[in-house]
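Asker: As annotated in TrEMBL:
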- C271: active site (ACT_SITE)
- R79, Y218, G219, G220, S269, N387, S388, R389: substrate binding site (BINDING)
- K227, H247, D294: Mn(2+) binding site (BINDING)
- A270, C271, G272, K273, T274, N275, R389, R420, F515, G516, E517, N518: GTP binding site (BINDING)
- 22-239: domain 'Phosphoenolpyruvate carboxykinase GTP-utilising N-terminal' (DOMAIN)
- 243-604: domain 'Phosphoenolpyruvate carboxykinase C-terminal P-loop' (DOMAIN)
- 365-388: region 'Disordered' (REGION)
Amino acid sequence: MTAVTIPGLDQAPTTHQRLLSWVREVAELTTPDQVVWADGSEEEWARLTAKLVEAGTFVPLKQKPNSFWCASDPSDVARVEERTFICSQKPDDAGPTNNWMHPDEMKAIMTELYRGCMRGRTMYVIPFCMGPLDDPNPKLGVEITDSEYVVVSMKVMTRMGTPVLDKLGEDADFVPCLHSVGMPLEPGQQDVPWPCNETKYITHFPEERLIWSFGSGYGGNALLGKKCYSLRIASVMARDEGWLAEHMLILKLISPENKVYYIAAAFPSACGKTNLAMLEPTIPGWKVETLGDDIAWLRFGEDGRLYAVNPENGFFGVAPGTNWKTNPNAMRTIERGNSVFTNVALTDDGDIWWEGMEGRPEHLTSWKKRDWTPEDGEAGEPSSHPNSRYCTPMAQCPVLAPEWDDPKGVPISAIFFGGRRATTIPLVTESRDWQHGVFMGATLSSEKTAAAAGKVGVVRRDPMAMLPFIGYHAGDYFQHWIDVGKSADATKLPKIFYVNWFRRGEDGRFLWPGFGENSRVLKWAIERIEGKAAATETPIGHVPTAEELDLDGVDGSMADIRAALEVNLDEWRAEIPLIEEWFEKIGDKLPTSLRDELEALKQRLG
Ligand code: GTP
Ligand code: SPV
Ligand code: MN
């Protein structure tokens, strides 16, 4: 084979042979105009954001320093679960909840899609690290992409560039992540602001620890360190190595006596992780600090406790609904600039706005780049896409816990599972033990949100909030959770709770005020662990009455709060066939212990 000359290909700032040969192989397949190694510098950020402004992808914001407005193609706004594949050798290793194709077949299809797909574009090589850089065993990756938007976003969301190349050294292991927007340019062809392709594939090869993505520029489809690596591939690593890679926020709760507790919480996409992670408690004397808002890696420490690390470096948060009342700390984080806002509205004075933010302007440019006035909103056309996002550095968060960058992680006292359910699920339920908690997680359900393409509002099972992110068979994943519990000293395991901030009254109103008021539930959970708070035993677990929660000064109606706490046995009996149907779908690999939990629940419900 004759070596192809592509500018930049031979100016690699590394001698890592496996990396060099993979980069060459990809460049020869995708034939970009040039190859650039991303170094993560401020100079690089300035150069690439300027290029994105020139291309019409970014509009610089006049009201926020070093920040940009960006509108995607209207067809490329969310994760595409039906185009997401786990390509294990055997279909049974992907299981009934994942799309599967044989790796050889998938690679054959995608190789043809990748052939020449970077023509007319620059190919960037981004060395990145998920988790703190000074971890003695850092989890490294390299993303190849033809999107400047991805390079810039990866700078916010991961530790990347030259320091990671140093960690890679001559031969350190890394996860290769290949991404293309899938829109080659012919000579002279004018580019579009948001290149993408109608054909999309988000694929994972778990045995090879390899990720291939094609056709989308959107967050979870294109920033491959996030869901693809830190959840789908990492969940497979975690299964093999005895730890957990989870869709969880991590927060630090500080009591009035200055006692510190760490809590991890798994809620499905757009169900409140970022908001809980940055919460401002409404109960006097309690404080929350943030460690992560989306992903947690949980590993046992030498003392036998589970320690959580957030592999990310930024927040990729849902914009609509974020305001100075619901999430003041997110507002303060983005005020500091250095952020990218995708699919929100642009104000006439060069700021951003979205539904739910204070101070609605009389005129905006909508995420569809059209004139927008409040009448359009009333006619059902929101100014911002419901899955519009801010991408902002964690380090700017004013309530960031100082230990956020510690590779040791933080010891977790409580795990919360929660979903978005209008009925049935009470505000909070404490599990009886680890296995019962795993049952709660495995049967978690939620109304689908705009974070993934498809119909919003339909109730589906979303086990551990990981339905779209488990990189292997869901039955094996449940067994892994059970085994993790068995391998530990039960007295050191986190206590598991099931929460629902989203129960509704008959007119559709939320029964629980939520947001900062959720601190009352955090307090109750911690006091349960400390043996200080009371609870009422019910067929589904321990649930507090309104009297058993600290509701002093709560911003809500007591009748509604009582309704939010109700354990309605008829609603629960109606839930049983849905759980049975779900367990049926999991099939033979469903752990018998979870079947036993279901039988016991049926018995208790009578
Ligand atoms: P992903 O980033 O997609 O994983 O979402 P997330 O789980 O971080 O959800 P986020 O905190 O961004 O919340 C999503 C939506 O739910 C936003 O519109 C919030 O305003 C809303 N929300 C969050 N917490 C609460 C709550 O306690 N009560 C109510 N009613 N809404 C909430
Ligand atoms: C989610 O959908 O859970 C997100 C956004 O956090 S994405 O990066 O698209 O996965
Ligand atoms: Mn998420």
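Our numbering is plain: 1 for the first residue shown, then up by one each step along the chain.
Placed from the backbone N, Cα and C atoms, the Cβ positions cover glycine too.
Those TrEMBL annotations? Automatic predictions, nothing curated.
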Asker: With a 10 Å radius around each C-beta, find which of these binding-site residues (R79, K227, H247, R389) has the fewest other C-beta atoms nearby.
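Answerer: Among the binding-site residues R79, K227, H247, R389, the sparsest Cβ neighbourhood within 10 Å belongs to R79.
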Asker: Would you mind reading off the Cα separation of K227 (Mn(2+) binding site) from R79 (substrate binding site), to the nearest angstrom?
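Answerer: That separation, Cα to Cα, works out to 10 Å.
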Asker: Determine the Cβ neighbour count for G220 (substrate binding site): the number of other Cβ atoms within 10 Å of its Cβ.
Answerer: 27
Asker: Which residues of the same chain, at least 6 positions away in sequence, have a Cβ lying under 8 Å from the Cβ of C271 (active site)?
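Answerer: Looking at Cβ-Cβ distances below 8 Å from C271 (active site), excluding near sequence neighbours, one finds G418, G419, R420, S446, T449, A465, F502.
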Asker: Under a threshold of 6 Å between Cβ and any atom of ligand 1, which of the binding-site residues R79, Y218, T274, N387, E517 are retained?
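Answerer: The ones that qualify, in sequence order, are T274.
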Asker: Look up H247 (Mn(2+) binding site) in the DSSP assignment and reduce it to helix, strand or coil.
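Answerer: In the DSSP reduction, H247 (Mn(2+) binding site) maps to coil.
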Asker: Could you tell me which of the recorded positions R79, A270, C271, D294, E517 have their C-beta within a distance under 6 angstroms of some atom of ligand 3?
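Answerer: By the Cβ criterion, which requires under 6 Å to ligand 3, the hits are D294.
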Asker: Using DSSP, what is the helix/strand/coil residue split across the region 'Disordered' (365-388)?
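Answerer: Going through the region 'Disordered' (365-388) residue by residue, I get 5 helix, 3 strand, 16 coil.
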Asker: Minimum Cβ neighbour count within 10 Å among the binding-site residues D294, E517: which residue?
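Answerer: Comparing Cβ neighbour counts within 10 Å for the binding-site residues D294, E517 gives E517.
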Asker: Tell me, how many other CB atoms lie within 10 A of the CB of G272 (GTP binding site), whichever protein chain they belong to?
Answerer: 23
Asker: Can you check which residue among the binding-site residues Y218, F515 has the largest number of Cβ atoms within 10 Å of its own?
Answerer: Y218
Asker: With every protein chain in view, how many other Cβ atoms are within 10 Å of the Cβ of N387 (substrate binding site)?
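Answerer: Looking across every protein chain shown, the total is 24.
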Asker: List only the single closest residue to S388 (substrate binding site), chosen from the binding-site residues H247, A270, G272 by CA-CA distance.
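Answerer: Its closest listed neighbour, by Cα, is A270.
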Asker: Looking at the binding-site residues R79, K227, G272, D294, R389, F515, which have a C-beta within less than 6 Å of some atom in ligand 2?
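Answerer: R79, K227, D294, by Cβ distance under 6 Å.
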Asker: Select the closest residue to T274 (GTP binding site) from the following binding-site residues, measuring between CA atoms: G219, G220, D294, R389.
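Answerer: Comparing Cα positions, the candidate nearest T274 (GTP binding site) turns out to be D294.
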